[in-house]
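Colleague: Have a look at the structure that comes next, please.
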Amino acid sequence: MCPCPHSQAQGETDGEAEWHNAALDFTHAMSYGDYLKLDKVLDAQFPLSPDHNEMLFIIQHQTSELWMKLMLHELRAAREHVKSGKLGPALKMLARVSRIFDQLVHAWAVLATMTPTEYNTIRPYLGQSSGFQSYQYREIEFILGNKNATLLKPHAHRAELLAALEQALHTPSLYDEAIRLMAAQGLPVSQERLVRDAAAGTCYEASVEAAWRQVYQTPERYWDLYQLAEKLIDLEDSFRQWRFRHVTTVERIIGFKPGTGGTEGVGYLRSMLDTILFPELWRLRSNL
């Protein structure tokens with residue numbers, strides 16, 4: 001746009017009107033960047049190699065961790081609401097978690113623009129760092145019932161993280177709380193399932209499937225539980241898609257080479273595709 005021929009003061013007034021009276025002076029006010037702490041966020045990328053493509057690799061993983069932070073925020077709150085029997089807020093939170101997984105599924109397409117040649121250039125600079133060591137991802141798995149105490153070991157060098165993950169390991173999962181809620185509403189769940197060690201993780205239990213079957217056979221009677229069950233299925237469905245896209249992205253970039261963290265890479269990721277978080281909810285579909 002051509003400079004306005006009027007005075008500076010008049011120009012400033014015209015400019016403010018042109019931008020629909022948007023605030024333009026933040027000398028004494030909080031700006032967008034101030035609120036989001038963008039100076040810190042955008043100054044947290046430190047490539048170790050001289051290669052152009054490492055920035056993509058860093059930002060891909062940093063943004064994934066930010067989405068996982070939100071996911072944990074929602075899952076922790078949803079679990080508390082289920083525990084207290086307040087399913088309305090929990091259902092909304094679980095729907096949001098599913099959409100976060102969908103967001104992360106689409107994000108793999110960006111990393112997939114990195115070719116094997118490009119990745120091989122930066123791989124020597126990564127050391128043994130690996131997504132396998134993500135403590136936020138580990139807590140997500142624990143909240144969803146996929147628990148294994150051995151997976152605490154990569155965090156033993158960080159006392160505060162280890163303590164938080166140990167607490168997550170021994171806290172009943174979201175699914176544990178859903179099962180307890182069914183029992184509280186009079187559905188027949190075995191006492192053994194209700195008092196089992198929370199750190200043991202989820203495994204199939206016949207009485208739980210029987211209870212869920214009653215919910216599905218009489219949804220009008222157990223409408224909130226019926227909705228909860230479907231939200232859990234939605235969540236695991238999206239999680240499975242994320243895992244599958246993870247496998248295919250890694251395979252197209254590194255093939256079947258070992259991962260930087262020492263795992264079998266694609267072989268390990270493929271084995272995780274067989275993980276079932278809510279087994280009774282899936283099995284009952286064959287038995288309805």
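Start at 1 and count along the chain as shown; that gives each residue its number.
Glycine is no exception: its Cβ is also placed from the backbone N, Cα and C atoms.
Below, the features straight out of Swiss-Prot:
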- Phe57, Ile58, Ile59, Gln60, His61, Tyr119, Arg123, Thr260: substrate binding site (BINDING)
- His246: heme binding site (BINDING)
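Give me the structural setting of these features: burial, nearby parts and distances.
Modeller: In the shown protein chains, 19 other C-beta atoms lie within 10 A of the C-beta of Tyr119 (substrate binding site).
Counting only residues at least six positions away in the same chain, the Cβ atoms of Trp108, Leu269 sit under 8 Å from the Cβ of His246 (heme binding site).
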